[in-house]
């Protein structure tokens, strides 16, 4: 009895998953203000908005996609060149350049911002889009926050989602070095929050020509509630909290007079880490105050360069009800894209976790628009 049952499941389960993945496939919803230049350019350049998004047949669910991409997607070895950026306060960060053959001072540049504890060589969700951009002939630079990417902290300043001043410094440096090159910022998760808050802070004076935000939480308070539910807490939140603690653990002596380091080391949620480390470090009144200042949803009207956002309904980190679609529809500069499936930064389409997915396709098409069809 057991063997026939197992054989039946082995045969039936893949068929069911394949049929289910096609059943749930749908054209992504998109939100863009009618009659604007942005709408015309989006409709003529973003072919992905005309095609159904087919999640991977064996991995159609958001949570499994996120886990599979994280565990099984490789980190391609790319010939980056490291540059150390020295900040005015004595701190430093590492940025990694990837320059294609034949590039010159006018070659377009994509500036990548990894997620909360991500850096150049350990973030497959960044490296595959970097490879996509490089293959298009674009220069790439990955911006690692202070304390990550192999550059040790020199001061007590780290990074947070509400304070994009380090990125502003780097974006200005890149723009001054390559004034004749168009530049696109591409941020993932918390990196997207930093990018969005930079664009909101600088408005039309941004040192970028366009933005792309992938899987960023629109409201950090609601996102924190979401990832503290049982399943995401077990799979994601506790893992990220451990990475955050491990990131600052070597600097106990540096921070001993500023935070309760024993409390920091006991954190098992992102909110707990924010409460015990980020809040006292940056002088926020509370987590609510920090999250209010970091939120994206209230700043759509402050974005003054073309920016596309990509989110999935089944992403625990970015509850879809927080996406300000009405505000986006009133903006001349923001296009919001929402898929029913895709998880957090995953957006798998092939059975192969390493294969090109929706993020790479969007980067290619949006980048072409910004660099060659938006002036």
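The backbone N, Cα and C atoms fix where each Cβ goes, and this holds for glycine too.
Database features (Swiss-Prot):
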- 189: active site, charge relay system (ACT_SITE)
- 315: active site, charge relay system (ACT_SITE)
- 344: active site, charge relay system (ACT_SITE)
- 108-203: domain 'AB hydrolase-1' (DOMAIN)
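Taking the Cα atom of each, residue 315 (active site, charge relay system) and residue 189 (active site, charge relay system) are about 11 angstrom apart. In this structure, the CA atom of residue 189 (active site, charge relay system) is 8 Å away from the CA atom of residue 344 (active site, charge relay system). Counting only residues at least six positions away in the same chain, the Cβ atoms of 62, 66, 189, 215, 236, 312, 315, 316, 317, 318 sit under 8 Å from the Cβ of residue 344 (active site, charge relay system). Under the DSSP three-state reduction, residue 315 (active site, charge relay system) is assigned to coil, being neither helix nor strand. The Cβ neighbour count for residue 189 (active site, charge relay system), using a 10 Å radius and every protein chain shown, is 27. Mapped onto DSSP classes, the domain 'AB hydrolase-1' (108-203) shows 42 helix, 16 strand, 38 coil.
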